[in-house]
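Novice: Structure below; questions to follow.
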């Protein structure tokens, strides 16, 4: 309705610049983190486009500007992020991102990205909550265990397969040797069976209950003959 009234009155409407940031960012002490800020404007990006990054501590306090950009970045010379801010943006592409280096636990707080592109100077002011923590030793320990498992388990499986193949090869060799091994005369005599009616040895396959061998039967016959005498 107001846009229609302004158009009818011959006045150009005031459009808002749209700025986007991720609501949360998580960093680790001593590491770096990139804080993304993107924007779109209803007007072409001009040479006088300006960006301000502000910071407020988590426990409250005043909001301070930590970086100002206009044609080039101007980081703060004093304050919590002195010498730890890097401009990562490209305003021509609607990017106003920065990076924070050497994070500290005292960096926890809220950061905002504000962009002006005259005459488009009105817009939302989003915020990112920065949370910095000490790297979890438990996570490091789990990572070491995982990497060790990825190396050990395949090696153990390969070793097990090799042992199984070696055992099967040894068993096949033993079976082959037993099959082709020549029996001694004593073993041959134990395999033969005497016919009770004849003195000639027979060589059929042994029954389930093994009968006395030839030599043993001959000895038994000798004992029987001596008893009769």
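The backbone N, Cα and C atoms fix where each Cβ goes, glycine too.
Because the structure is a prediction, the values reported are computed rather than measured.
Pasting the relevant annotations from Swiss-Prot:
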SIGNAL    1-16  signal peptide
TOPO_DOM  17-143  topological domain 'Extracellular'
DOMAIN    17-131  domain 'Ig-like V-type'
DISULFID  37-113  disulfide bond
CARBOHYD  108  N-linked glycosylation site
TRANSMEM  144-164  transmembrane segment
TOPO_DOM  165-229  topological domain 'Cytoplasmic'
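Please go over these features one by one and say how buried each is and what sits next to it.
Specialist: Mean pLDDT for the topological domain 'Extracellular' (17-143) in this predicted model: 91.
Secondary structure at residue 113 (disulfide bond), taken from DSSP and collapsed to helix, strand or coil, is strand.
Using a 10 Å radius centred on the Cβ of residue 108 (N-linked glycosylation site) and all shown protein chains, the other Cβ atoms total 16.
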Novice: How many Å separate the Cα atoms of residue 37 (disulfide bond) and residue 108 (N-linked glycosylation site)?
Specialist: 18
Novice: Where does residue 108 (N-linked glycosylation site) sit by DSSP, helix, strand or coil?
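Specialist: The three-state answer is coil.
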